[in-house]
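*Asks:* After the structure tokens below, expect a handful of questions from me.
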Amino acid sequence: MTDSDLKQRQKYIRNLSIVAHIDHGKSTIADRILEMTDTVSKREMENQVLDDMDIERERGITIKLNAVELKYHAQDGHTYTFHLIDTPGHVDFSYEVSRSLAACEGALLVVDAAQGVQAQTMANAYLAVDNDLEIVPVINKIDLPSADVDNVKTEIADMIGIDATNAVLTSAKNGTGIAELLERIVTDIPAPKGDLNKPLKALIFDSVYDSYRGVVLSVRIFDGQVKIGDKIKLMSNGKEFEVTEVGVMSPKAVPRQFLAVGDVGYITASIKSVQDTRVGDTITAAERPTDHALAGYRKITPMVYSGMYPVDNAKFEDLRDALEKLQLNDASLEYEPETSQALGFGFRVGFLGLLHMDVIQERLEREFNLDLIMTAPSVNYKIITNNGTMQVIDNPSQMPEPSDIKEIQEPIVRAEIMVPKDYVGAVMELSERKRGQFQTMDYLDNYHVNVIYKLPLAEIIYDFFDSLKSSTHGFASLDYSISGYEAAKMVKMDILLNKEPVDALSFIVHEDFAYERGREIVQKLKHIIPRQQFEVAIQAAIGNKIVARSTVKAYRKDVTGPLYGGDQTRKNKLLDKQKRGKKRMKEVGKVTVPQAAFMAVLQMGDDDLKKK
Ligand SMILES: Nc1nc2c(ncn2[C@@H]2O[C@H](COP(=O)(O)OP(=O)(O)OP(=O)(O)O)[C@@H](O)[C@H]2O)c(=O)[nH]1
């Protein structure tokens, strides 16, 4: 291709993301677009092609962003190349959203025609505005009987401040409006800027580890071009590599001769060490480097931390290796080694939220074949000691002696809860119960209210979202960000099994809830810890003071005992189940403790428990 061909080519590129509140239909819209542009044949079409991780399919949610190249023959007679980047909608993954937006010129803002604008619709729309993207409003699910397009248009205008008169109306379910949407991508979203003749400047917006090809970098080319054999340099560390392959995802990897300005694709360069690449870094040409790196990404700090231990201690190095590879794919993941008296060698891992934690645990177990024990998640605390030092702890076992502590500060979030006005009372009641401090309340239109609370992060990460959903019949949506630290009367609760404190079971709790939680947890553990050949005493203690106790009676019996003789299949099933369960057990001292025990603190306040 000549230079002038390449310049022409740039005019016909459109890079876009799809953003929306969870479940408003981003992935389904992406599927329809792939189908209509014949990127994926009908036969190959599986639902939600872009959600290629098993976990994503099973849960029906998008976790990782995915970039796909497709060709569209527009009504103006030209063939356009779209790079479509699907993004997750759950609040835990908003970091992924900002990463993909930095690679685009435009965004489709998808809003459910029945549900209307929700908290993440607004949050994602603002992210798109911050990234100077052209926003195309799309009202989806117009096939639903409860769809109210006019109302949603008004909401988009009043609540987000974007004119929605010409919003594209779609039903991703039956394909209505997708043809118009494709045209609007061509007419409304600008072609990428950037200069073909300038030195290579590319943004790494994602990366994965492939055991054959090494690190595979997902990139957006902002200036210049790159081809096989080129020497590239990573600007954050100066490391140089020779390019071994470039290509695009369509939706599977398709090698190309080159990637040029405006393109979104992948690069491999025999990068074997996972540590060398960082998402957000700029790639340039080794021999003719660019002067300025791209702005990159803000560093993301985890919200919750949990200990992760291999059930089999010999698998510690495997776990390290797996975390290293996952981190490459998920820049928000943080970890460092820690040891627990009870659980041995493991890692303290930081997550963006509990869903993120769940997903990481599942990926480690499935993709890396590891059996893991995870300890109860905790936020981090700032501890100011009597001699004036400050330390940040993310593990209850690091808590200094109470006599040395002058003050404990906990992370506070500013939570924006959007609800129809009839539910404001329910939201306030819940927030007050969770130690919230009311800030303000804004009417977004005649019907929606944005209620703003300061809330302790520790209260919000557990079951706040679920409680919010149930107390508002699913109408509330939530967005939050850390706003600072405030002093709080927190205490460390130790759990003792047969008088021995088990470090991995201790947790930090507010003084006002301490007794109640202590009682709840020993009751819960009594049901979780199986009977053993000896009696197990369970105690909850603050310092030297025992606040609650319970006992698991001694008992040893063949689990298949109660079954009637004949039914062998059922017996085998039960034995199998018991075997699988064993994989997630840990010997703590002499006591066998199942995984569920370490998570019991999460279920505190559970209604089920109260009923027991
Ligand atoms: N009736 C109807 N249902 C739709 C339409 N589009 C999507 N859905 C359904 O809405 C649900 C959510 O759709 P997804 O495409 O997974 O939503 P998403 O926004 O990608 O969700 P996340 O990736 O988890 O953020 C699925 O059950 C879809 O089948 C539509 O136009 N009409």
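For all residues, glycine too, the Cβ spot is worked out from N, Cα and C.
Below, the features straight out of TrEMBL:
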- 11-193: domain 'Tr-type G' (DOMAIN)
- ASP23, HIS24, GLY25, LYS26, SER27, THR28, ASN140, LYS141, ILE142, ASP143: GTP binding site (BINDING)
*Asks:* Look up ASN140 (GTP binding site) in the DSSP assignment and report helix, strand or coil.
*Replies:* strand
*Asks:* Can you tell me the mean pLDDT for the domain 'Tr-type G' (11-193)?
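*Replies:* Here the mean pLDDT over the domain 'Tr-type G' (11-193) amounts to 83.
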*Asks:* Near ligand 1, which of the binding-site residues show up if the criterion is a Cβ under 6 Å from one of its atoms? Options: GLY25, ASN140, ILE142.
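*Replies:* Checking each Cβ against ligand 1, the ones under 6 Å are GLY25, ASN140.
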*Asks:* Can you count the other CB atoms that lie within 10 A of the CB of SER27 (GTP binding site)?
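*Replies:* Other Cβ atoms found within 10 Å: 26.
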*Asks:* Secondary structure at SER27 (GTP binding site) (DSSP, helix/strand/coil)?
*Replies:* helix
*Asks:* Hey, what's the Cβ neighbour count for ILE142 (GTP binding site) at 10 Å?
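*Replies:* Looking across every protein chain shown, the total is 20.
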*Asks:* How many angstrom lie between the most widely spaced Cα atoms of the GTP binders ASP23, HIS24, GLY25, LYS26, SER27, THR28, ASN140, LYS141, ILE142, ASP143?
*Replies:* 17
